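Novice: Once you've had a glance at the structure underneath, I'll fire off some questions.
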């Protein structure tokens with residue numbers, strides 16, 4: 001599993017691997033928001049937690065089709081399927097690699113972008129924590145979507161349509177943690193729910209992704 | 001016969017109108033496609049039967 | 001004693017449903033007409049909601065079938081995954097557009113009802129929001145069926161999507177509940193009137209519900225037949241090309 005993870009990370013970081021694209025997209029979204037809603041810092045501060053969560057989610061979505069599509073095209077997915085590693089392990093490693101190259105940079109960048117949107121001071125910690133807990137779920141759910149659409153020629157748009165409804169619970173609880181944190185309210189309940197969803201998704205969804213991928217490789 | 005709907009007449013009638021249109025659409029589409037496919041399948045089966053009897 | 005699994009044979013399914021469908025046409029349209037005419041013409045107005053109470057005879061049955069249709073798809077998907085009966089997978093495919101239309105009717109009648117009652121077409125009420133999310137799930141499910149060419153692959157993938165989607169739909173329902181109560185106090189007037197409606201409103205609504213259930217059954221049978229025939233047609237054409 002470790003060599004596969006190393007390989008995926010190396011491929012992502014290499015030129016043309018798309019590393020940093022999600023981050024750039026996130027920055028652009030954050031830049032465009034004030035143009036759309038106006039520069040009033042009070043308003044921006046109020047919607048900042050939601051915008052940052054939504055931006056992170058969309059940036060995550062952007063790179064989902066890369067999780068499996070390239071390996072599918074050059075046939076290395078078929079090779080991986082015959083490897084002694086179980087399919088559940090393969091999809092988990094793929095999701096982890098996606099999180100390390102997309103989710104983690106977003107988590108680190110989010111507080112910086114929070115400054116641009118005039119995020120309230122107590123919000124920085126809770127925003128970062130909620131993204132840290134929530135983005136792994138986004139990667140794992142996204143891998144499921146990528147496994148569903150891997151064999152399709154124009155799967156990109158369909159992938160978004162399939163994955164976005166599945167993102168709803170994570171987004172609700174994640175943004176709620178960030179919002180309540182920024183307003184100085186108690187965050188225990190949504191934080192527990194967010195962590196619970198992430199853990200459940202990480203534990204269970206790879207089985208579904210693996211089943212789907214096996215069907216597609218048939 | 002028409003009941004007195006009062007000030008909400010527009011809302012009630014448009015709700016019924018929208019629902020009937022949508023129901024008619026799905027029923028119509030189902031029936032139309034059923035007929036279409038049934039006829040196409042019959043054509044193919046007849047053609048294949050004719051080929052076999054030659 | 002014949003087993004229910006005999007209907008997994010496509011031929012048997014078509015023969016039997018051919019016999020049932022004409023009766024279902026009469027039954028479903030009749031029941032629907034009775035329920036709606038009773039509700040529309042022969043029930044009094046509610047003292048609070050005025051004549052808008054008549055919208056419920058459409059809204060409640062449609063909402064009921066929106067959820068039940070997804071539930072039926074879930075059961076059919078499970079049967080496909082476990083026992084691999086093609087009719088079951090095709091029935092799930094056949095039910096999806098019907099369920100989506102039911103969801104749309106529930107959403108639209110709800111919005112039309114909300115306009116005079118809440119003073120707005122749309123409120124992010126947990127119930128409304130959940131139905132909007134359910135609508136998105138239907139869209140994704142139908143789009144996935146349409147996108148895959150191989151029949152068995154499509155059946156497998158959509159079945160798994162239906163299972164996973166069901167879990168996430170329930171999860172979203174609770175998340176949305178939590179999210180809205182975080183923003184507002186409870187809604188002052190809920191669309192959920194079942195608990196305190198009088199019998200006058202309840203009976204015609206029950207008949208209308210039965211009508212919707214029968215109509216759903218009818219449509220699913222017709223559409224499943226169509227899917228079976230379409231699949232047979234594709235198989236024949238493919239065989240012909242091979243020769």
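Using N, Cα and C of the backbone, Cβ positions are placed for all residues, glycine too.
Take a look at what TrEMBL says about it:
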type	residues	note
TRANSMEM	C:20-42	transmembrane segment
DOMAIN	C:20-184	domain 'Cytochrome c assembly protein'
TRANSMEM	C:62-82	transmembrane segment
TRANSMEM	C:94-116	transmembrane segment
TRANSMEM	C:128-148	transmembrane segment
TRANSMEM	C:160-180	transmembrane segment
TRANSMEM	C:200-222	transmembrane segment
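What's the neighbourhood like for each of these?
Specialist: Remote same-chain partners of the transmembrane segment (C:94-116), defined as residues 6 or more beyond its termini with a Cβ less than 8 Å from a stretch Cβ, comprise 50, 52, 55-56, 58-59, 62-63, 65-66, 69-70, 72-73, 76, 122-123, 128, 131-132, 134-135, 138-139, 141-142, 145, 191, 212, 216, 219-220, 223-224, 226-227.
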Novice: With the transmembrane segment (C:62-82) as the reference, which stretch in C:20-42, C:128-148, C:160-180, C:200-222 has the largest tally of C-beta pairs below 8 Å?
Specialist: C:160-180
Novice: Which residues of the chain, 6 or more past the ends of the transmembrane segment (C:200-222), have a CB below 8 A from one of its CBs?
Specialist: 17, 20-21, 24-25, 27-36, 38-39, 42-44, 46, 53, 56-58, 60-62, 64-65, 68-69, 72, 91, 94-95, 98, 102, 193
Novice: Residues sitting near the transmembrane segment (C:160-180): Cβ under 8 Å, six or more positions beyond its termini, same chain?
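Specialist: For the transmembrane segment (C:160-180), the nonlocal Cβ contacts are 70, 73-74, 77-78, 81, 92, 124-126, 129-130, 133-134, 137, 140-141, 144.
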